[in-house]
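Chemist: Below: one structure in structure tokens.
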Amino acid sequence: MCTLPEAVAQNVSRVRQSTSAQIMAVVKADGYGHGAVAVAEAAVAAGATWLGVTDVAEGRALRAAGLAVPILSWLNPGGIDAVAAALDRIDVALGSVDELRALIADAVAPVRVHLHLDTGMARGGCPLADWPELLRLARAARGRVEVVGVMGHLPRADEADPAANAAAVLRMRHGRDAVLRAGFGPVLVHLAATSGALTDPATHFDLVRVGAGLVGIDPSLTTVLTGAARFTAAVVHSAFVPAGTAVGYGGAHVTDRATHLAVLGVGYADGIPRELARDAGVELDGGRHPVVGRVSMDQIVIDTGATAVPRGAVATVFGPEGGAVPSVQDWARWAGTIPHTIVTGIGPRVERGIA
Ligand SMILES: *Cc1c(COP(=O)(O)O)cnc(C)c1O
């Protein structure tokens, strides 16, 4: 069994096998629910040379924790704190003329910026038509902004088919060439996230931004990575019930035989998806036991059959080891979602620790 730092290190080296570009460890959404500082420290120790977040405040928290590598913040939904960005050396990505204007108005010391081109997603990034205006404005604002990077994002890299990325790669080259022609110095060019990093070298440019892959999620489904989290829950109540017993809200499950039930003290407030397929289960004592009845806010019921499980026994909801232990990917399948929503959905009252 491996610890979070070991799992992240294995995943970074797996990405390293696929690319010679620099690796940015993306630790947004609290490191995909795993703890941003813990994942960042492990990734940097394993060779990541950049960190990525979606808000300057997240970047500042990493600086406060002692992380010294360059940090990029894109999105910045609450606006960019230009003073904080300059002070803590947080690079910011800008995807519109408007955003650049606002930054220029606020900047008192030079802020390092990455110009974000829409490479085909229509979900952020500057449209190609506005790119010349963005460059013109950035040139005029030299001294207050320093253009150090150009970024795009791939809409279809999880298809693991380079043909699906070709249009974005062309746009990226076009955008980069325009930046260089406009007289900006060397810029760091970056387009790929985990899927592109693992499946399409044409997308790598100077740096790949890897988030999901760090914690063991490969959206391209091409590569075996190591899960970085284990989610356990204690049995808080158990009972032996006769056949015909209705379980949970609505009596959605009725036992078909006399059986032992165990209640785990985790529910949808803790990230157990309420929309679960019938084959969902957890590991307890080396066996897989089904979740029965509806998921409640604070608890789920599992059917342990002939086995009486004492209060205090600990079940594994998910973990990396396989066998009877479900994976994050199993939970995603049972809930009809992607693994990302499982790990980022773990609720705040679930106690976190680094094993
Ligand atoms: C979240 C995000 C990433 C990381 O994507 P993964 O697929 O999790 O590796 C990279 N770039 C941008 C712009 C993102 O928003």
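Even glycines carry a Cβ here, placed using N, Cα and C.
Curation plays no part in TrEMBL annotations; they are all automatic predictions.
Pulled the feature table from TrEMBL, pasting it below:
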ACT_SITE  Lys28  active site, proton acceptor
MOD_RES   Lys28  N6-(pyridoxal phosphate)lysine
BINDING   Arg123, Met297  substrate binding site
DOMAIN    228-355  domain 'Alanine racemase C-terminal'
ACT_SITE  Tyr249  active site, proton acceptor
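So that I understand the layout, could you describe where these features sit and how close they are to other parts?
Modeler: DSSP assigns Lys28 (active site, proton acceptor) to a helical segment in the three-state reduction. On its own chain, Lys28 (active site, proton acceptor) has Ala36, Gly52, Val53, Thr54, Glu58, Gly211 as residues at least 6 apart in sequence with a Cβ closer than 8 Å to its own Cβ.
The secondary structure of Arg123 (substrate binding site), as reduced to three states from DSSP, is coil rather than helix or strand. Counting every protein chain shown, 9 other Cβ atoms lie within 10 Å of the Cβ of Arg123 (substrate binding site).
Secondary structure by DSSP for the domain 'Alanine racemase C-terminal' (228-355): 20 helix, 42 strand, 66 coil.
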Chemist: State the count of C-beta atoms found within 10 angstroms of the C-beta of Met297 (substrate binding site), not counting that atom itself.
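Modeler: I count 12 other Cβ atoms within 10 Å of it.
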Chemist: Roughly how many angstrom lie between the C-alpha atoms of Met297 (substrate binding site) and Tyr249 (active site, proton acceptor)?
Modeler: 11
Chemist: What same-chain residues, at least 6 away in sequence, bring their CB to under 8 Å of the CB of Tyr249 (active site, proton acceptor)?
Modeler: Gly293, Arg294, Ser296
